[in-house]
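Features reported for this protein in TrEMBL:
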- 1-53: region 'Disordered' (REGION)
- 20-30: compositional bias 'Basic and acidic residues' (COMPBIAS)
- 36-45: compositional bias 'Polar residues' (COMPBIAS)
- 68-497: domain 'Major facilitator superfamily (MFS) profile' (DOMAIN)
- 68-95: transmembrane segment (TRANSMEM)
- 142-161: transmembrane segment (TRANSMEM)
- 167-191: transmembrane segment (TRANSMEM)
- 203-225: transmembrane segment (TRANSMEM)
- 237-256: transmembrane segment (TRANSMEM)
- 305-326: transmembrane segment (TRANSMEM)
- 338-355: transmembrane segment (TRANSMEM)
- 376-398: transmembrane segment (TRANSMEM)
- 404-420: transmembrane segment (TRANSMEM)
- 432-453: transmembrane segment (TRANSMEM)
- 473-492: transmembrane segment (TRANSMEM)
- 516-543: region 'Disordered' (REGION)
- 516-525: compositional bias 'Basic and acidic residues' (COMPBIAS)
- 526-543: compositional bias 'Polar residues' (COMPBIAS)
Amino acid sequence: MPHTPPPNKKLSRATSLDSPPEKTIFRIDTVDLDLPSTNNGSTSMAADDQSQDEEHSAHSVLFPSMRLMLAAMLCCCFITLSISSSNLAVALICMTSCPVHGYGGTLEWQSQQEGLVLAAQNAGSLIMIVTGMWADRLNGKWMVFIGLLLCCIGNLMLPLLASKSFWFAVLARISIGASDACLMPAVNSLITRWFPQAERPAAIGLISGGRQIGTLFILPTAGYLCTRKDILDGWPAIFYLSATISVLVTVFWIPFGADKPAKQICISSREKEFIETRIACESIGKRTDRTRRVPYGAMLHSKPLWACIFALICHEYPLVIMLQFLPNYMRDVLEFAPTKNGIIAALPILCLFLSKTFSSSLSSYLTTKLRLDKTFVCKGFNAVASAGLAICISFVPFFNKESAFLAVFCLCGAMIFAGLHTPGVITAMVQIAPAFSGIITGWSFFAVAWFSIGNKILTKYIVQSGSVTEWGMVFRVSALVAALPVIVFTIWGSADREWWAAPSSKCSVASFHRPSIRDRSREMSRATSSTSLGQQSRVSSTR
């Protein structure tokens, strides 16, 4: 029976069986061709093996790296989800009447009703507690497909039925939240099955960057469509466009998406072997394996896991204000018109996208090139992110429409710091237990959904007239929440794999690697020598 490390003991290199560090990102290590010049037999065999390797690598003709292609497709899935999530932020300004500023739509919704519609998306996300529990057992490709389908349904339902009752709008946003509940755990589970450890921070940055790309696209586009009553009566065109994008991404995902490298029809044999050998040490296991037990007890008592969940809640709380209520703030306090509102509101999102993309690549560089400790890098990025986000948000209430550019500057600075959470707590969540990444994602975002529901209802309760004082209270509360992970995650957070997620069998890391040509030559030489010695012994025995 294998020895189980105590909970308070950090796994050593030999025990954790981490895969060797990569030298490149989204590429395959080259085959060792350094052979002795005196061994003619080995050299000829090396040439044969090299030609076979070239044959294997020539199979992937559609894309240089299929895992980079998968990351791009998952990024498009998050673009779809982000468009579907953020379109209501601007559309709500054109849909409902605004007695304070005198412009808007024909829907007579009260402030509390608007809060319920906004919170309905997070209510749909609550089923992530179920989808997360099954994400590591169900086929990730079809979970993503269901998420894209729910996006299409929600976007079509809202413009068609919202005028009859705001409860139809609530149901439409619940569908968008359910889409998020399917996508998030499935994508995290796919990341652990497609990308080695060293590539995961960069992969997470690229994939999750789709959220910001989608928001950058839909905010100014929605602001423009709001003013074009000649295009499908204005605001309904926003949701019809979102549904069309959902259909297009779904059409490309079905043939090219895959649950694991072995099921990808376009991947080369060489890349498939590379991925499988690099993740073999993590004991992820097959989805169909029903004998594997989930260590719920150890997970519930894991301080790093709870530190990650707490830090994620505190990170997402101010982002809800930025992503869902920023157009309302710019309308009420900065007094921007809808078209200008959509363009200016996209600037902080652009800063978030650039920040998380560059910081994720920097994190991969620090861990692979400079060989810095993963936990140290994650804690450092997360501490700077939380502190900077809190400081920038706390300055926003000091500005009004006369100094609007300073308010926008602080909002952009806040999103730059928020992007550093990606190589921080977001990466740590995937690294501490790769085999149970779906369950951890489900637990984490289930908690985030509850706090986001309370956040939206509370914000709409505080902001009744849209005054500077009301919005100042909202931003100060967000700043306080954003600062808490500086203490909690820095003390109890971790990016090292937990002892309860370690493999049950101890095997050499080298045994999972594809042998180099030199190694195979040496093995053949030893086999030939042993055969000749056996023949000599039999001859001597007959004599």
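Indices start at 1 and increase along the chain as displayed.
Cβ atoms are placed via backbone N, Cα and C, with glycine included.
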Which of 203-225, 376-398, 432-453 shares the most C-beta pairs under 8 angstroms with the transmembrane segment (305-326)?
432-453
Counting only CB pairs under 8 A, let me know which of 142-161, 167-191, 432-453, 473-492 has the most with the transmembrane segment (237-256).
142-161
Cβ-Cβ under 8 Å with the transmembrane segment (68-95): same-chain residues at least 6 beyond its ends
26, 62, 104-105, 107, 109, 114, 117-118, 121, 144, 147-148, 151, 154-155, 158, 162, 173, 176, 179-180, 183, 187, 190, 194-195, 203, 206-215, 217-219, 222-223, 226, 234-235, 238-239, 242, 245-246, 249, 252-253, 256-258, 264, 323-328, 331, 338, 341-342, 345
Go through the chain and flag residues at least 6 beyond the ends of the transmembrane segment (167-191) whose CB is under 8 A from any CB in it; none is fine as an answer.
70, 74, 77-78, 81, 84-85, 88, 116-118, 120-128, 130-132, 135-136, 138, 140, 143-144, 146-151, 153-155, 157-158, 161, 200, 203-204, 207, 259, 429-430, 437-442, 445, 449
Any chance the transmembrane segment (473-492) and the transmembrane segment (376-398) are in contact, meaning at least three CB pairs closer than 8 A with a sequence separation of 6+?
yes
What mean pLDDT does the predicted model reach across the domain 'Major facilitator superfamily (MFS) profile' (68-497)?
84
